[in-house]
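In what follows, a single structure is set out as structure tokens and then discussed.
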């Protein structure tokens, strides 16, 4: 109960579960017997997931079962066998592909991943790969496009039945030999299965090494661009800049400019120094106005003795100061010096020796002579202040009890929902009543306070006549006999 698949990459042997899946195995064996799978494309390769094939059209939407070959289009698909349940646990599991309605045709898949539980109950497992897992691994690692179709054709060239326990149906037409492929089958619009992809064919070993070196340099440039060390992968260093190294630490910019200026005008000459200590790093960059002058200096000045040092001159490979598509450009020594100067500047903020006491702008200092008058004025102003604070507190309370306004309130009012207007009127009434209560309370309290204040703060010369009047009233209210006796006693 096994079938050998001869592919363009190698042979694969599949063992079938004929006892657990008799109908699916019968369908697969008889399709192999009539050479239905010959020259079928492997049209779906999803790495570490599945390899799908079995469609003669190569689109993934075709194919029919052996029963369709025998009984017509009404039998193109057969029902899936779900009992007993076999899971997609290991690599190399072979399953019939579900057409979307729990039916199978001719397409099947081989798993290239483990524990694919989401395939269980959807696609019917009917076998496993026992030989040729290395070929399955090769197919799994092939290059594919966005639709998971391989760029180079991978086909099933031939199928060989190693063991078939099922009898052939009476109307089954078995060909004597394998049929030849048609042009439509072989023309997939992609790289042919028998085509060799060799970029180095017909080239010498030196040319091959040069091509490899160029590819490696390009890869490294792209990597440096991704990291951020290069502004662009296609950028080239300037051809009018020389790199001079092995300098004496005492050599200055002016010395180098004077020496190299005999080859032509120089735009800039800079000895690179440590931005902290200012000491020379013993290398420099010299930029000429013309490339010809730069080439002359390169050939003439290499290994020349300057300040008791043999210098080395080469073309600069640095692109640090090159502006390219809005990128590039680095901080220079002068930038760091300016930054240090800004840091060394004294701050504008100054600490004060004493903190000024907080004073109210409405009140001034009071002299000792005006102590009594100040007390009365202070009490009067404090009353005003209390009244103001009370008024502010009332306004705050009104604000605190204000309801949260619905942003859709105006829209609802226009649409005719009147309950919002009723709620507003009720709220205004309640608000006015509360305000009246507060005002009445404040008035009564102020009256009581004013009466108490007037009685307690009246001077003595105002209280004496008041007491005399009260005594007179008392005398009048008494009986006339007693009053006459009192008068007589006065004149005795």
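Cβ coordinates come from backbone N, Cα and C, glycine included.
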The residue range that Swiss-Prot labels region 'Disordered', out of 101-122, 123-144, 145-166, 167-188, is 167-188
So which of 393, 456, 483 shows up as phosphoserine in Swiss-Prot?
393
Spatially closest candidate among 178, 182, 201, 212, the listed recorded positions, to residue 218 (SUMO2 cross-link) (Cα to Cα)
212
What whole-number Å value do you get for the CA-CA distance of residue 182 (phosphothreonine) and residue 201 (SUMO2 cross-link)?
30
Rounded to the nearest Å, what's the C-alpha distance separating residue 212 (SUMO2 cross-link) and residue 201 (SUMO2 cross-link)? Just drop the number here, would you?
14
Tertiary neighbours of residue 201 (SUMO2 cross-link) (same chain, Cβ under 8 Å, six or more apart)
none
